[in-house]
Amino acid sequence: AAMAPKKDGAEKKKKKGGLKKSEPAMDAFDEPEHVIVRPDNQLVLTEKELDEEITKQLTANNPNAPANLARYNEKERAFKFEPTVDQLVVHYAVDGFLLHNESDEAARQVALEELEAKTMAEWVASIDPAAAKKAKEAEEGAEAGAEGADAGADGGDAAKEGDADADANAGEDADVPTGDDSKQLRNQFNFADRASQTVNNPMRDRESETEPPATSAFSESATQWAIYDAYMEDQERMALQREIQKKNKLAAKEGGKKDKTNEALPVKQKKPELMAGAPMTKAVRVMERMVNQNSYDDIAQDFKYWEDQSDQFREGEGTLLPLWKFYNEKAKRRHVTAICWNPEYTDLFAVGYGSFDFVKQMSGLICCYSLKNPSHPEYAFTTESGVMCLDFHPSHSSLLAVGLYDGSVLVYDVRNKMNRPIRQCDVKTGKHTDPVWQVKWQPRDVSEKDLVFTSVSSDGRVTRWTMSKSELVYQDVMELKLVADAEVGDDENRDARPPDVGDGPDDDAALGSLAGGCCIDFNKEFDHLFVVGTEEGRVHKCSTAYNSQYLETYAGHHMAVYTVKWNEHHPRAFLSASADWTVKLWDHGFAKPAMSFDLNSAVGDVAWSPLSTTTFAAVTSDGKVHVYDLHENKHEPMCEQKIVRKAKLTKIAFNPVHPVILVGDDRGCVTSLKLSPNLRKGDNDPARLEALVEVALKGE
């Protein structure tokens, strides 16, 4: 009766559920249905396109790795592409702490753990002996049970004894830890414990007595050149020995026996030497220039880029910046008597060394320096007499004409690098009897094959030298005769004449004596026209076409004229410098000087600037350089700068391209100076100088 309501409820539920038809439940054994889900942007392909096979090859190349990686190859001195490029890409990497159980590190860790357990057991036994005893008895009981089991399995006492021995041996081996060799007390390398011993043979000392070798005491200073000479002599001796041995072998093969004592030494043949050959010399020079470039880097930077910014704030003034100094030990106690730039290589110049002191004369020296190597000359030549002048040929830049104190003229070819000239005059071929003060090459036509230069000497001769195939052929162009004051002109010149020229009929001019020539220069436009300065203070204008008389005589100086220079661009103007402290500007059409400049000291040399028609520079015996620009100031120098303290300046030369001048002194030193911007203004227009000269002549 109590269950009735429940039954009715269940029936109601059945009726209620049966009103709606339910979907069949999915059985576990039914096959799964495949539903193809296509995205909206999927391509719709035909069956033929779907059946087409497209092969793709997977490679291990890294798409982000560079394919054209280039590196510099030091051996070949060029950039080369790398043949292989690293394609490895690490996406994930982590350092682990797991060890393989068969590795050495794992075996050492297990042995260390066993050693720690044994040490802990010993420590517990030392603290609590009772507990240790119980543990030992329990262990022995376990071992006895194991032995009984083994004995029952084998069925014999012999087996028991064998097992007991094995267990005892195992116990002994267990006492020795197998993990860490450093913890073992027994020395496993002691061969005596294993009943083996190596027999070591006894050592024997054997001595012998001989006579000591002969010795001798000597002293010598080992210098670099002495070592080099000894090395070269040794090389020559070895080469000579090899040559003799080779010759003896050839003689033995031929069957002829020669007396070796009377055998003549073979002729020395020049062989390429490792330390003295042309490749080694070139390599050493390149290395020397590199070292000098590093040593003089600040001076090289000034030579290339320095500009005096203070010139912007001062008009009519300039400065000279000292650059390199060129000095050679061989030029000690010699004067710089000549400086000449090479016309082809603008960094190369030649310096002549001699002596202006006629009492102290010595051998001469010629050094060819380069601005790239200020420490040592590129070429050096020695002469028997002092060098007084030199000049490079304008077309053949390797030919160098030289005049000496003894009156000789030489021609060197610097390409030969030999310490002897290719042409030289002697007494039979027109040698001067006095010092040669200046030599000048004359530009020739292309049709004329012979090279010609002119020399002037104190013996009064102006001589033309022609280079033939084997010798120098001379021809006297002019004999410099003394001129009386009456022939020159007015009373002023007669009062200002030098004391060695008189007025009477018995003077030197009447007797036909010759005047000593000091300098010469040819006109740049008219090759036949030249001017000569003399020791008497006269300047004579001459022509190679008329050798009987002067075209004009200029009397303005009272002492010897050391230098005359035609202007490079103006065919009528030339400068003259004298020991009477003055520099004078002349127009060769007038007998009077157009301008005169007093420098308060004897003038050693003067030179026109190639950068401006109106600029020139002069050096004096008080060690100063005077630079004038007539277009800026006709009365005062734009720069008056002292270069040396206790020496006299003797020569000056402008570089034909760079704003650099060279000055030489009487102590064998050549100093290079750079002109500031104010000292190289203007241009090469001859009209500027023409106007200045015209105004100056009209003013007088």
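Each Cβ is built from the backbone N, Cα and C atoms, and glycine gets one as well.
Small disclaimer: the values here were computed from a predicted structure and weren't measured.
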Annotated stretch (region 'Disordered', per TrEMBL) among the listed ranges 1-33, 34-66, 430-462: 1-33
Sequence-remote partners of the repeat 'WD' (554-587) [C-beta within less than 8 Å, at least six residues beyond its ends]: 485, 488-489, 493, 496-498, 518-526, 531-541, 593-608, 610, 613, 616, 618, 620, 630, 684-686, 689-690, 693, 696-697
Three-state composition of the repeat 'WD' (554-587), taking helix and strand from DSSP: 0 helix, 20 strand, 14 coil
Local confidence of the repeat 'WD' (554-587) - pLDDT mean: 88
